[in-house]
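Enquirer: Mind looking over this structure? Questions follow.
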Amino acid sequence: MGVSNNITAVLNIVALLCSIPIIAAGIWLDQKPDNACVHLIRWPVILLGFLILLVSLAGFVGAYRYKETLLAFYLCCMAILIALLLILLVFAFVVTRPDGSYDVPGKGYKEYRLDGYSAWLRDHVVDNKSWRKIKACLADTGVCPKLTQKFITAEQFFAAHISPLQARCCKPPTICGYTFVNPTQWTNPTNPTGDPDCYLWSNDQTQLCYNCNSCRAGLLGNLRTEWRKVNIILIVAVVLLILVYVIACSAFRNVQSEELFNRRKH
């Protein structure tokens, strides 16, 4: 095996290693309760990771045994996969760029406005048709009951850094002026006209604020936070894959030039 083929084989091992964090990021998303209820970006991430893994293996075999056709197939497929990964990365960045969060005076957590998020997320993730299934799924996740196990007093709860989903689905909006009983039990609103969601709040543990627009905003807040963490992994992986691809193309051209030179020599 020539020097160029050795280089290509090593580069394919690097590309294969790059696929592991991509797959892990998709699995991490899959384990989050909000993403379990929104089947949107986790499967494309996992699928792209596995395809990069398989193509890298094909490229390694092609370089190790010098199968020119397999190497050409590897370069072609890897270019497509890198392009798809870039499209997914840019798409996730664009739709999660708007941030609907705002500070609540005297509270450790933030609250969220639905109109603060991108129109695409509002129209395709938390639209009325999708929300019926999503809210039923969220009610079964146990996200809200965990709060009652963790926080006993109002002081503990108000100082906590709870997730966007918990801040907007498990409690009524702060502006309503409800009195804290426990994290999922609230009574006697002093400003029930402060927000339309004030009337939608229910102490029924299967309802809570799942019918509220603020809950939809909380879900988008959770998704935004998680997707932007995954974006960091994808950015690093894409940069490494592009570097690997450029060097692999150069090595492949060198092998072809050496073959052409040897043919002419003989």
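Every residue, even glycine, has its Cβ placed from backbone N, Cα and C.
Those TrEMBL annotations? Automatic predictions, nothing curated.
Got these off TrEMBL a minute ago, pasting:
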type	residues	note
TRANSMEM	7-29	transmembrane segment
TRANSMEM	41-64	transmembrane segment
TRANSMEM	71-95	transmembrane segment
TRANSMEM	232-255	transmembrane segment
Enquirer: Same-chain Cβ contacts of the transmembrane segment (232-255) under 8 Å, 6 or more residues past its ends?
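Expert: Cβ under 8 Å, 6 or more out: 2, 4-5, 7-8, 11-12, 14-15, 18-19, 21-22, 24-25, 45, 52, 59, 66, 68, 71-72, 74-75, 78-79, 81-82, 85-86, 88-89, 92.
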Enquirer: Are there residues at least six beyond either end of the transmembrane segment (71-95) with Cβ under 8 Å to its Cβ atoms? List them, or say none.
Expert: 8, 12, 15, 22, 41, 44-45, 48, 51-52, 55-56, 58-59, 62-63, 118, 120-121, 227-228, 230-231, 234-235, 237-238, 241-242, 245, 248-249, 252
